[in-house]
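Asker: First the structure, which I've put down as structure tokens, then a few questions once you've had a look.
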Amino acid sequence: MRKITVTLPAAVLALTGLVAPAHAVPVHAVPVHAVPVHAVRAHPAQTHAAPAHAAPAHAVPAPKVTATEAYLVDATGGTVLYARRETRRAPVASLTKIMTAYVVRRSAGLDDVVTISAADVRHAASGGAMRAGLRAGERLTVRDLLHALLLPSGADAAAALARRYGPGVKRFVARMNTTAAALGMRDTRYTNPDGMPSPGGGGRSTARDQVALAQQALRDPALAQIVRTERYAMTRTAAHRAHVWRNSNRLVPGEAVGLKTGYTRAAGFCLLFAAVHAGRTYIGALLGERTDAARYRTARTLLTLPALTTP
């Protein structure tokens, strides 16, 4: 029997009190129409300029934001706290893997077993992507692979999941785009399940669409738990090697409850993050940051806004 160790930040306020179910989440489990009317929509009926209500109700110091595109919302109340080029389409690198995980959860059970193929491993190695260290022939559960996908950002895990649940990468990417459209992410187009550059320039999205996706992903108890996990360890068994994966998001633990980092030369340093302050959930997206340190500095700056704007 294998032993799995999951490390969660002790101070994190859980977004849900539910235990992640072992069965798949059906596509209707998180319907678009189930989002409260005050929730942030991916594509509200307004121009692509920053909404008039984006500014806080009373004056606060302007935050120093160095990201090319940035967006922060109070997801509990639906208020936009900060918007900068939030509708500009740009590469999002490994933020793509949040959609990959979301699509997998629509059809896969957490205890389903996936066998890693040589092609999965070659794909990640040949593209120079981040890898979870998977090897051909290993058999891992979907739960394991979602941790491999979202913590160390394993492109090998993305390839295995897409191959199994497309079935095939091409069909899986089609499912990603269909899901994006269903969620109102009309400025988003995916070209692969890992966010790496591809022929034709690769996928594109916006900071606003990414925040809308994060809001939906956090409604899934399993995904909400995974993205706030600091460390996931698996002991060796007959099915797989020992693995230890750590969250690439340096805001976890303590400062955030997820979600995902991303980087390519074209996308710059990206960050999709969520935090809880005074019982309210705040979700933000940063695209096109210049350095790894800058994305965390900017995120921390934006996360001071709730304290400044709360009466």
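Backbone N, Cα and C atoms are what each Cβ position is placed from, and that goes for glycine too.
So TrEMBL has the following annotated:
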type	residues	note
ACT_SITE	SER94	active site, acyl-ester intermediate
ACT_SITE	LYS97	active site, proton acceptor
ACT_SITE	SER153	active site
BINDING	LYS260	substrate binding site
DOMAIN	59-290	domain 'Peptidase S11 D-alanyl-D-alanine carboxypeptidase A N-terminal'
REGION	187-208	region 'Disordered'
SIGNAL	1-24	signal peptide
Asker: Count the other Cβ atoms sitting within 10 Å of the Cβ of SER153 (active site), across every protein chain shown.
Answerer: 28
Asker: Could you give the residue numbers and ranges of same-chain residues that sit at least 6 residues beyond the region 'Disordered' (187-208) on either side and whose C-beta is under 8 angstroms from one of its C-beta atoms?
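Answerer: 42-43, 69-71, 83-97, 99-100, 124, 127-129, 155, 158-159, 161-162, 169, 172-173, 176-177, 180, 262, 264-267, 285-287.
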Asker: Give the three-state DSSP assignment (helix, strand or coil) for LYS97 (active site, proton acceptor).
Answerer: helix
Asker: What's the CA-CA gap between LYS260 (substrate binding site) and the residue listed as 'active site' in angstrom, rounded?
Answerer: 8
Asker: In whole Å, note down how far the CA of SER94 (active site, acyl-ester intermediate) lies from the CA of SER153 (active site).
Answerer: 7
Asker: Excluding near sequence neighbours, so keeping only residues 6 or more apart in the same chain, what lies with its CB under 8 A of the residue listed as 'active site, acyl-ester intermediate'?
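Answerer: Those within reach of the residue listed as 'active site, acyl-ester intermediate', by Cβ under 8 Å and sequence separation of 6 or more, are MET130, SER153, ASP194, GLY195, LYS260, THR261, GLY262, TYR263, CYS270.
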Asker: Could you tell me the mean pLDDT the prediction assigns to the domain 'Peptidase S11 D-alanyl-D-alanine carboxypeptidase A N-terminal' (59-290)?
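Answerer: Over the domain 'Peptidase S11 D-alanyl-D-alanine carboxypeptidase A N-terminal' (59-290), the predicted model scores a mean pLDDT of 95.
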Asker: So if I draw a 10 Å sphere around the Cβ of LYS260 (substrate binding site), how many other Cβ atoms end up inside it?
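Answerer: There are 29 such Cβ atoms around LYS260 (substrate binding site).
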